[in-house]
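**Student:** Okay, here's the structure, questions in a sec.
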Amino acid sequence: MLTVEGLQVTRGRTRVLTDLTLEVGAGEIAALIGSNGAGKTTTLMALSGLLPIAQGTATLRLDGQTFDLTRADPAKLVRAGLVHCPEGRQIFTRLTIEENLRLGAFLNRDEARVRALMDEIYALFPVLRERRHEAAGGLSGGEQMMLAIGRALMGEPRLLLLDEPSLGLAPQVTERIFDTLRDLNAERGVTLLLVEQNAMMALDIAHRGFVIREGRVELAGSGRDLLEDPHVMGAYLGLSA
Amino acid sequence: MSDYAIQQIVNGLSLGSLYALVAIGFSLIYGVIRLVNFAHGDLMMVGAFATFGLIATDHVPWVVLPLLVLVAGFLSGGLVERLAFRSIRGAPMITGFIVTLSVSVALQNLGLILLGAQPRNFSFPAVFRERVALGGIDVAIIDLTIPAVTLLCAVLLTVFVKTTRMGIAMRAVSENTLAARLMGISINRVVLLVFGIGGALAALAGLFWGGKFGQIDPLMGFVPGLKAFVATIIGGVGSLPGAILGGYILGFAEVAFVGFLPAAYAGYRDAFVFGLLILILLVRPSGLFGSTEEERA
Amino acid sequence: MTPRAAPRFAVSPTQALALFTLLLVGAVVGLEVFGSGYLRTLAALTLINILLAVSLTMTNGFTGLFSLGHPAFMTLGAYVAVMFTYPVGRRGFAMPDLPDMIRDVALPLPAAATVGGLTAGLVAAVIGLLVLRLRTHYLAVATLGLIIVVQTLALNLDGLTRGGRGLTGIPREASLPLIALCTLLVVMLCWRIKHASIGRAMLAVRENEMAARCVGIHAFRLKMLAFVLGAALAGFGGALLPHVVSVMTPKSFGLMLSFNLVAIIVVGGQGSVIGAIVAALAISLGGEALRGLEETFQLYGITQVIVAVALIAALMWRPKGLFGLREPLVRTP
C-alpha cells in the first residue's frame, strides 16, 4: 500500500533522513521504532506533505490508484485517505470537542455523513460525547489522545499515520489506546503506520516493524521477530539480553 | 443624566463603533498569521473613497451602497494579502511589519497621486444628518446608524466564526496552523478570507467616518488604524469580542477626555490615546480581556 | 554561518574610518570650492540622513530592537536647540512662554544641538524604562505613538513652538563643514561601539537574548544604552536640520521620515554601518532625482511609492539587506 524508497529529507541545515526505505502492506500495522532524533517523526511529516522531500520516492497505492507523496499537499493526501495524527496530539484546545471532530472531516461536505461519523466516534469514546460542547483543552491527556484519534478517524483514513500515541500517558491509558488501535485495524481494516518510543507495546501489536537509526532503516522484520531480536531488546526495549 | 452627558455617550458609541470595526480586522489578522498589519487602517481610506466615488456616480441606491463598499473592502483586503503579504508569510515578525508599513506608505501615496492631497467633502444624504429627539436631546441619525450597523456586523461575524465550517477553520488556523493543515484546511484560503473580512469591515468604517466627520483625505486612515491597534491591545490581541469591546472603551475614553476636561486639553487627545496605550501595555500586556495565550504564541 | 572567502581587498576597521574621513573631507572641500548652493544644501541634508541612519542602525540593528521613534526624538532635539539659537530679540514674539532662565541665553549651534541631543536622550531614558520591556511589535507601535504624542505636544505648546504655523527665520548656522564634522563624529562613535566589546555584546543580544543573558550579558541595560544613545544622536541630528532649512514645524519630522529611515537601515542591512551609509546616500540622492520627476509629471507621492515598493522587493529578494550585519571590505579582527 505504501512504498518508500531512498527517502531524503532536510530540516534546516540537517539532513534528517538519509536513505529511508520501507514498505507497508494493506491492512497491516507497521511500527517505526528508534531512539530520539533517529528521524521517526520526520518520516511521518514528510509522508503527509508537511515537509518537502529532497530525494527518493514515496507512493501510496489504493484501489488501483497511485498517489505520489513527494509532491503533494496535506489536503490532497487527506482526500486520498492518508491521515496523520501528529506528535503531541495537537488538538485545538480552544475549540470544543465537537468542533475538533468536525474539522477532522473538514473536506467532507456531506453533513449527514459527518454526523454519522461523529456518532461512530462517540460510540467508540463515550466520554467525548458527554463533554462534546466543552473546550478540548479541559480534557485529560488520555481523553485528548482519544480526541486526536477520533479526529483523525473523522477523515475516514485508509492509512493512518500515528505519532507517539503513548506520549505522556499512564500505562493503563496507553494500553486502552493500543487496544483501540488493534481493533481499528482488525475490524475496520485501517492500515496503521505507528511511531513509538514505547517499542515493546508497538511491536507487540505490529505485523511489521522497522528500526530507524540516523535516518535509515537499520533493521526490518515482523513485530514478533524484532521483539525477540537481542540487539533490539538491548538498544530499544531497555532489556539486556 | 444631563443632556450633555447623553450627547457624549452617543458620541462615544459612534466613535467606538468605528474603532471596533477596524480593530476586528486587525485582531483577526494577527490571530491567524501573527502579523501586525499597519496597512489595515488605510483600507478604511479605500472604503471612504469607494463610497465617495459611488456617491458621485449618482446611480447607486442608498441601500445597495454599503454592500458595494463591503465588497470593495473585501477585494482590496484580499488583494493586498495576495500581492504583498503572502510571500513573506512565516518571515520574522520585524520583516512582517516593515512590509505592512511599506504597503501603508504605498497606499497613502497612491491615494495622494490618484486623488490629490486636498480633503474632499463627503455628502451623505440629508436624512442621515437629520436629528431625532432621544431622551430630551437631539441626536444625529448617523450617530445612531453607526452603532446599530456595527452591532449587526459583530453579531453576523460571531455567528459565522462560531458555527460555519470556514469559521471553525479560521479559529483552528489561529490556534495551530500545523494541525489545521493536517485536517486538509487550505491556509492560503483562510488567510485570504480573513484579510477580506477585515478589509470589508475597515471599508465600512471608512464609509461611516466620512459620514460622521464630513471630510476624507488619502492620509485619513493611518492614525485611526493605529488607534484601532490600541483598541485591539486593550481588548487582548486575537480576541474578537475583545477587539469590539476595546474599540468601545477607547471611543468612550477619548470622548470623555475631550468632553469632560477643560477645553484647553482637547488638542491633546491623540497624546492621551497613545499615553493610554503605553500604560496598558505596561500594566496588562495581554490586554484587559486577553489570555496569556498570545504572549506564548 | 558559512565562512566567506576573504575579499582580495580589505582594510582594518581603523583604516576604514580613516578612509571615510578622507572621502568626506574631500567631498566637503570640493563642494565648498566648486559646488553650487543647491549642491551644498543637498549634501548637507544627505549627510544628516547618514547621521540619522547610522544612529538608528545602532539602536535597531545592533541590539535588534525595533524602534520607529527617531522622528519623535528629532523633533524634541530640534525645538530645544532652536530655543537657544533663535534670535533673542524675536523670542518675546515667537516664544512668549520661554522660561525666564533661558530667555536671554544664546548658544552657538554645536552647543545648542548638544543640549537638544541630551534632552532627547534624557526623555528616551524615561520612555525606554517603560517601553523597552515590550515585545517587538508593541515597541514598534508604542514608538509610533510616541511620534504622535510629541507632534501633538509641539502643536499645542504654541507659546514655545508657534503651533501649526511653525517657527520661521531660524538662523542658518548649520554650514556644510559643521554638518560633515557632526556626521563624522557620530559615524566614528557608532563604528567604535560596534567594534568594541560592548558592541559585540549588543550583537549577542540581537542574535539570541536568552543565550546572551546566560553568559552574563545584561541585556536590558544594553538595550537601554542603545536606545538612549540612538535617541540622543537623533535629537542632535534633528537639531541640525532646522538650521539648514531655517523652518521648524510640528510636522517637520513625522511618520514618513520614520518609514524612510527604517527603509534605509533595512536595505543597508540592519546593523551594518557601511550599509546604512550607502543606503542613506542612495535614498537621499535617488529621492532628490525622483523629485524632479514628481514635479515634471505632477505625480507628488510617487517617490514614496517607489521607496515602499523597493523596500518590499528588497525584503523578498534579500531579506537581510545589502550587507546584513557585515561591513563590506572591512576585515573582522
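Counting begins at 1 with the first residue displayed.
Yeah, the Cβs are placed from backbone N, Cα and C, and that goes for glycine too.
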**Student:** Have a look at B:62-80, B:252-270 and point to the one annotated transmembrane segment in TrEMBL.
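**Tutor:** In TrEMBL, residues B:62-80 carry the label transmembrane segment.
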**Student:** Short question: most Cβ pairs under 8 Å with the transmembrane segment (B:190-209), which of B:12-33, B:62-80, B:92-117, B:137-161, B:221-240?
**Tutor:** B:62-80
**Student:** When you check the transmembrane segment (B:12-33) against the transmembrane segment (B:137-161), do you get at least 3 Cβ pairs under 8 Å, counting only pairs 6 or more apart in sequence?
**Tutor:** yes
**Student:** Determine which residues of the chain contact the transmembrane segment (B:62-80) at the Cβ level, with the cut-off under 8 Å and only residues 6 or more beyond its ends counted.
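**Tutor:** Residues packing against the transmembrane segment (B:62-80) from afar: 25, 39, 43, 46-47, 50-51, 54-55, 103, 107, 125, 149, 192, 195-204, 206-207.
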